[in-house]
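Taken verbatim from Swiss-Prot:
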REPEAT    115-406  repeat 'I'
TOPO_DOM  149-159  topological domain 'Extracellular'
CARBOHYD  ASN149  N-linked glycosylation site
TRANSMEM  192-211  transmembrane segment
TOPO_DOM  212-219  topological domain 'Extracellular'
CARBOHYD  ASN217  N-linked glycosylation site
TRANSMEM  220-239  transmembrane segment
TRANSMEM  256-269  transmembrane segment
TOPO_DOM  270-342  topological domain 'Extracellular'
CARBOHYD  ASN303  N-linked glycosylation site
CARBOHYD  ASN327  N-linked glycosylation site
CARBOHYD  ASN336  N-linked glycosylation site
TOPO_DOM  368-374  topological domain 'Extracellular'
TRANSMEM  375-400  transmembrane segment
TOPO_DOM  401-570  topological domain 'Cytoplasmic'
TRANSMEM  571-594  transmembrane segment
TRANSMEM  606-629  transmembrane segment
TOPO_DOM  630-637  topological domain 'Cytoplasmic'
CARBOHYD  ASN662  N-linked glycosylation site
TRANSMEM  665-684  transmembrane segment
TOPO_DOM  685-699  topological domain 'Cytoplasmic'
TRANSMEM  700-722  transmembrane segment
TOPO_DOM  723-742  topological domain 'Extracellular'
CARBOHYD  ASN725  N-linked glycosylation site
TOPO_DOM  764-773  topological domain 'Extracellular'
TRANSMEM  774-799  transmembrane segment
TOPO_DOM  800-1030  topological domain 'Cytoplasmic'
TRANSMEM  1068-1093  transmembrane segment
TOPO_DOM  1182-1224  topological domain 'Extracellular'
CARBOHYD  ASN1188  N-linked glycosylation site
CARBOHYD  ASN1197  N-linked glycosylation site
CARBOHYD  ASN1203  N-linked glycosylation site
CARBOHYD  ASN1211  N-linked glycosylation site
TRANSMEM  1343-1366  transmembrane segment
TRANSMEM  1378-1401  transmembrane segment
TOPO_DOM  1585-1765  topological domain 'Cytoplasmic'
Amino acid sequence: MEERYYPVIFPDERNFRPFTFDSLAAIEKRITIQKEKKKSKDKAATEPQPRPQLDLKASRKLPKLYGDVPPDLIAKPLEDLDPFYKDHKTFMVLNKKRTIYRFSAKRALFILGPFNPIRSFMIRISVHSVFSMFIICTVIINCMFMANNSSVDSRPSSNIPEYVFIGIYVLEAVIKILARGFIVDEFSYLRDPWNWLDFIVIGTAIAPCFLGNKVNNLSTLRTFRVLRALKAISVISGLKVIVGALLRSVKKLVDVMVLTLFCLSIFALVGQQLFMGILSQKCIKDDCGPNAFSNKDCFVKENDSEDFIMCGNWLGRRSCPDGSTCNKTTFNPDYNYTNFDSFGWSFLAMFRVMTQDSWEKLYRQILRTSGIYFVFFFVVVIFLGSFYLLNLTLAVVTMAYEEQNRNVAAETEAKEKMFQEAQQLLREEKEALVAMGIDRTSLNSLQASSFSPKKRKFFGSKTRKSFFMRGSKTARASASDSEDDASKNPQLLEQTKRLSQNLPVELFDEHVDPLHRQRALSAVSILTITMQEQEKSQEPCFPCGKNLASKYLVWECSPPWLCIKKVLQTIMTDPFTELAITICIIVNTVFLAMEHHNMDNSLKDILKIGNWVFTGIFIAEMCLKIIALDPYHYFRHGWNIFDSIVALVSLADVLFHKLSKNLSFLASLRVLRVFKLAKSWPTLNTLIKIIGHSVGALGNLTVVLTIVVFIFSVVGMRLFGAKFNKTCSTSPESLRRWHMGDFYHSFLVVFRILCGEWIENMWECMQEMEGSPLCVIVFVLIMVVGKLVVLNLFIALLLNSFSNEEKDGNPEGETRKTKVQLALDRFSRAFYFMARALQNFCCKRCRRQNSPKPNEATESFAGESRDTATLDTRSWKEYDSEMTLYTGQAGAPLAPLAKEEDDMECCGECDASPTSQPSEEAQACDLPLKTKRLPSPDDHGVEMEVFSEEDPNLTIQSARKKSDAASMLSECSTIDLNDIFRNLQKTVSPQKQPDRCFPKGLSCIFLCCKTIKKKSPWVLWWNLRKTCYQIVKHSWFESFIIFVILLSSGALIFEDVNLPSRPQVEKLLKCTDNIFTFIFLLEMILKWVAFGFRKYFTSAWCWLDFLIVVVSGLSLTNLPNLKSFRNLRALRPLRALSQFEGMKVVVNALMSAIPAILNVLLVCLIFWLIFCILGVNFFSGKFGRCINGTDINKYFNASNVPNQSQCLVSNYTWKVPNVNFDNVGNAYLALLQVATYKGWLDIMNAAVDSRGKDEQPAFEANLYAYLYFVVFIIFGSFFTLNLFIGVIIDNFNQQQKKLGGQDIFMTEEQKKYYNAMKKLGTKKPQKPIPRPLNKCQAFVFDLVTSQVFDVIILGLIVTNMIIMMAESEGQPNEVKKIFDILNIVFVVIFTVECLIKVFALRQHYFTNGWNLFDCVVVVLSIISTLVSGLENSNVFPPTLFRIVRLARIGRILRLVRAARGIRTLLFALMMSLPSLFNIGLLLFLVMFIYAIFGMNWFSKVKRGSGIDDIFNFDTFSGSMLCLFQITTSAGWDALLNPMLESKASCNSSSQESCQQPQIAIVYFVSYIIISFLIVVNMYIAVILENFNTATEESEDPLGEDDFEIFYEIWEKFDPEATQFIQYSSLSDFADALPEPLRVAKPNRFQFLMMDLPMVMGDRLHCMDVLFAFTTRVLGNSSGLDTMKAMMEEKFMEANPFKKLYEPIVTTTKRKEEEECAAVIQRAYRRHMEKMIKLKLKGRSSSSLQVFCNGDLSSLDVPKIKVHCD
């Protein structure tokens, strides 16, 4: 990116100059000069074109850097501040709000000049803020009229407001046209796209007035009135900027949209081939007649449902009940709109799956009719389509927004930097003037200005010599300093030159005349005044306000009062007081959460008294703080204001509780006390700040979103409201909740679409509108525009706010502790002191007993004697192999030097010397550690940091100072630990002996567990340990254990509900279970013996193995109390985590993120608690209803059964839904369903229908209860759940930074693959395929290698794709035959293409990957064509033919090679594959474990809701199908509902397998949190990271494709792959390259400038050419030499046999030689011509003409006249 220079700007009124006749004349003069320059300018020399400055674009606010606009110049024409417009006939106008407007200086409408009074008046009106506010108010009032149902009225009186609005809009347009001109000139009315919108609005508004009744249908035209809401965007400048960002993000979405449409098309074609006509299969009663296929009464229905049973006839499908058979019908599900019978419907179904809207319903329908094996199709669509492509959209929008912000910020920062540097230069000029003898007192205004400390620091931090005094001795004396500064900042030099030209300061030598002195003084004075004004503007309040505050709001009365204040201030600011208040808040929150339905009176009284007590505490806290801090200081902090509001509201609630029931809402506001926790909880504080910052920054975006929602709501109401309303056309007695009959319901439908649910409403709309495609267009448009663009930008801003908040709150990686944390630190220090004292007391005796003997000094690890700390060679090697390096940050381990040991070991004193060894106790606890250097006898140059438990503030004891070894120690290491780790890791050999069994204290007691000496009596035990150690470290042992883990996990699959009916399998599984348990037990014992208990139980992975073995052992017992442990055997697959490196890497990354995730989870719980308490207050006891059957949604009319008592009297059933708001626990579950948009409609319906406690609900009796859920979805769901994404991405990015940018989800082997994918420019020149010698082959070769041939084949592929799309179910046989024939034709064409390519390219055909792919596709297409003839036979199942058909779709994938943008995105996916594979493995493991638990717990659950014959927990396959569905949070409410019923609803007489509902809730909620919120978000984090990497590479001026094309074209000019081409061919080669490497002809002059080296024979090497062309594209930069070295290194790796020739000449030198030769030739020609003329003078002879080449030495013929050109 080229560097851009900005003029130095001073915040001064002189920046603003009125636009006058002189200004216009100056512009015209500049335009004339510019035209003359263009005529005379050399075409070869290209100058960079200037661009408009982003911060000075029209509609933006003028940056404060330019100073305040003079009042007399507001709304007046000014000279443009942007240098880009200096040669444009334009001027700018600023209003009071500093908004920039630009106008053309030419005549508007060819009449009104820029100084015409009428036009000037219109300009002042158009830019005035009152005019904008008037138009905005008009638009708002007009929108209210449009939203009102009465506006549909056709009476004449209803048209009066419409005429008024039209008149206002026309008047606005006239004013703007008179001010700007119409269309001809720059910045005229129609040159602004926003005015196009106004023009269309006016045109569509006027048309009905003039046309009247001449046009039959004006309703569509009237619908365009809704576009008037967009006028608000054209009026409000900030909205234009936001919409501009939206449009730019849409431009960047092109590649993603193309890839998405392409993938959707592929998926749709696959679905069409696999499932065409399959969804019409239903169970038909056997006793129906011949018309059963079209008679719905003959279809078998599901239990308690109106849905028909969908079935299939092959293995894995759902079978029909007795008395019915499975056959195709003429009906498809969902009003016939869900099917794969044609490409259009198939595309819609795949779009539905990709957006995850009710996709589980389609998933279940397909699996019931086609078989469970087609689950893999949905796995691909969900993971590739939904997770990858939709999140690419998020990534693109985020990057577009950040790029725009970055560009604007860069320009502003550059100008501010120049301004600061100019300030510094002027300061130095002042010093220089003083040095030259100018009176210092005249310059003290700058010194006396009231700068802030920050600015004083800035102005006093540097002392550089003046750049203006170029001729002075001072400047010459400091030339080196100036050169250094100039070299560091060449841009500053350039700006200094401009500054010296622009500013009235001209000091070029020591002898300055008085005029120059005066000018210098004036420059300094301007700067001084400016800075003083800035300082004044930053003062918080007016002086009068400050005096008033100090007089009345600062209470300093008498000395006793001051003493009381001081005491209270000490108490109230103490951390313990804050801790006490925090405890009160927590207890108060618990009290609030204890409220529930049907509370007994005693609990009510306790809660009431508790409320009074806490209200009193908070009031007392507020009063005491006001006294201690004074009101002035108390109310300056936002949290104190919030505390006072909460306290006063609580007091009002207590006082007015009995006075008026109308003020009962005050009780709900008590829940705001929970927010007081944010003061002592940084994460909650961060979340609140993020929401606050986002809402503030998103003000404009929120308006845009509101406008979009309003427009679509009104459009839906106008287009569909007449039919798609409350009344259902199919069943008039039932009422519809979601419709567009009025604005409120239309708004709710649009909001529901923005939440992601659009398909069901669209079906109902199409049903009511008789299949109108307009419903599809409008609903999909809302989904795409609203959901994918606006909400994604919302998410981008939220994540950006999160990252900014993290940076602002933690600038240096250090967190500031809250007062509560300080109080807890006091407790921890006290506890630590007591524990330390107790430890020292208990260890004295141990230290005396275990003091080492002198002869054991060489045997101990690092020496235990107080007299010496010398290490022998063996002990150092042991130390090397066992020591773990630690960083200096929080003692976090970097990496162990050996896998076998993590800690230091010794058996010495508890308080061992830090010079001898680190203490284990210090490593086990987070104690302050001191680092010491430990020298190595083998390598004296290496210094190691050893951690000591010694307090860093203490000094080494004098006895230790006497030691010789201690004298060698330094306070800390100067070597980088990472370098030590890398060096030592290469030299340290793996440990081959076991460690001590126990920690040092126990090892001293159990002598057998110490390191055994050769002559020890325990040598046999030692040898046994060494043998066990070698066994467990052997690779075969690990492989065997992995095999056993897989077998034991596989055995769990068969323990399903069918096991009792298979006694032989049950007996075999019991036997194998015992074997596996004994194997794991034996493995554990072997590891105990080999590693010792200390090593084993200090590893988290070993602890996991230990617990699983214990659970397996307990499961073998027959004790009834321990039988429940048998279910925990499902944890056995977790052992795979410690064995598989890929999953281990992901788990380690996840474990490091768990603290942050748990923190956010707790914040979400607290945040949701507020909504839970509000929900309990609003809806507790109101969800019950009186029913007469089993369907809870079919209840009696409230007029017949008004309440619960009447229901029970009438012997009906009073039923409460399982998910309700009766208590906080149930409310959490309800809100989780609302937040995941699963089951939320039933919850909202119950809330909206609620009337009162224990009262029968009525349809939409509480209609505005919807708003509670809307607010929760915005704040509780959107902000908090997306916070998970932000936290996970941010946490993983931090981990990557710690690892030096390496991917944390990949193993070392996978990183090699990743790096191989990322290599750039490493391709070597390959020898092109030689042209055959045979004429026939050569002709075919030229044909297949031509670009025309590729274009024809591409066209055939597209044609084939279109024909495949045209196929449909139920098409006539004649059409089917035509399609079959066309398919055979295409198979023949592609087969012929393959054969002729093989014929032309010979064996080289198979060296290209794409050719191999084409060949495979052709072979499969031939097979599918041959097999399709057997389709009507019953030999093979129909599914086989459907799968074989897919081979035809493979042809379409060949389109990928032609689309570069798609290849970039697929390249990002390929880069993500290793990480995604590891995350997928972890997700599969989680699903596997939960499937086993589900089989154990829920196998006997009664069928109903989401549990049926296929989707259940009876078998492992059914469990996995259910869990895959829940991975996207889809339909988990339907699976949970049957399990929330009582045990009476179990599917078996045995109640053992029926669990409590609480277990089901924990099971599903925990799985959703682990899979949906964490693992899937890890997937998203990886995709975003790799997309950013791929995009950065693709956005570089040169990418991988450019290098590939360079070498491809090089191959044509270098057919023998010599790596050289002739200099004469360079011009053609450079012209043949595509942009940006292309150097178009004529290019000889540019080659001379490149100075290319040439070798013998005028040849150029490919690397020299490539580097020269690269330099031309990227420009000269500091990193170019590094890049050249990297490119050469990569080239040498790819070309080990590179021919190295010493360049003998360069293109520049060659040109010089040629010029010299030409000069010599011309001189020699002239000389010879003179000589010949002299010889021939006076002789007469016949004239002969000889054409010579300049070499006339051989010419000796008389009588010749020579003509030399």
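From the backbone N, Cα and C atoms, a Cβ is placed for every residue, glycine too.
A Cα-Cα distance of 16 Å separates ASN327 (N-linked glycosylation site) from ASN336 (N-linked glycosylation site). ASN1211 (N-linked glycosylation site) sits 36 Å from ASN725 (N-linked glycosylation site), taking the C-alpha atoms as the reference points. Between the glycosylation sites ASN336, ASN1197, the minimum number of other C-beta atoms within 10 Å of a residue's C-beta occurs at ASN1197. Annotation: ASN327 carries the greatest number of neighbouring Cβ atoms among the glycosylation sites ASN303, ASN327, ASN1211 [cut-off 10 Å, Cβ to Cβ]. Summary: among the glycosylation sites (ASN725, ASN1188), the fewest other C-beta atoms within 10 A of the C-beta are counted at ASN1188.
For ASN1203 (N-linked glycosylation site), the same-chain residues 6+ apart in sequence whose C-beta sits under 8 angstroms from its C-beta are ASP1254, GLU1255, GLN1256. Broken down by DSSP into helix, strand and coil, the topological domain 'Cytoplasmic' (630-637) contains 5 helix, 0 strand, 3 coil. Annotated pair ASN1197 (N-linked glycosylation site) and ASN725 (N-linked glycosylation site), C-alpha to C-alpha distance, rounded: 21 Å.
With helix defined as DSSP H, G or I and strand as E or B, the topological domain 'Extracellular' (368-374) counts 6 helix, 0 strand, 1 coil.
Under DSSP, the residues of the topological domain 'Extracellular' (764-773) split into helix, strand and coil as follows: 6 helix, 0 strand, 4 coil. Across the topological domain 'Extracellular' (1182-1224), DSSP classifies residues as 7 helix, 8 strand, 28 coil. Counting in whole angstrom, ASN303 (N-linked glycosylation site) lies 16 from ASN1188 (N-linked glycosylation site) by their C-alpha atoms.
For the topological domain 'Extracellular' (764-773), same-chain residues at least 6 beyond its ends with a Cβ under 8 Å from one of its own Cβ atoms are 335, 337, 720, 723-724, 729-730, 736, 738-740, 779.
Counting only the Cα atoms, the space from ASN1188 (N-linked glycosylation site) to ASN725 (N-linked glycosylation site) is about 29 angstrom.
For the topological domain 'Extracellular' (1182-1224), same-chain residues at least 6 beyond its ends with a Cβ under 8 Å from one of its own Cβ atoms are 304, 593-598, 1169, 1172-1173, 1175-1176, 1230, 1233, 1239, 1242-1243, 1245-1247, 1250-1258, 1261, 1533, 1537, 1540-1541, 1557. Here the topological domain 'Extracellular' (270-342) is broken down by DSSP into helix, strand and coil counts: 17 helix, 15 strand, 41 coil. Cα-Cα distance from ASN725 (N-linked glycosylation site) to ASN336 (N-linked glycosylation site): 21 Å (rounded to the nearest whole number). Mean pLDDT for the topological domain 'Cytoplasmic' (685-699) in the predicted structure: 70. Mapped onto three states, the DSSP output places ASN725 (N-linked glycosylation site) in coil.
Within its own chain, the topological domain 'Extracellular' (723-742) is flanked in space by residues 149, 713, 716-717, 748-749, 752, 761, 764-765, 767-769, 1245, 1248, 1259-1260, which lie at least six positions past its ends and keep a Cβ under 8 Å from the stretch.
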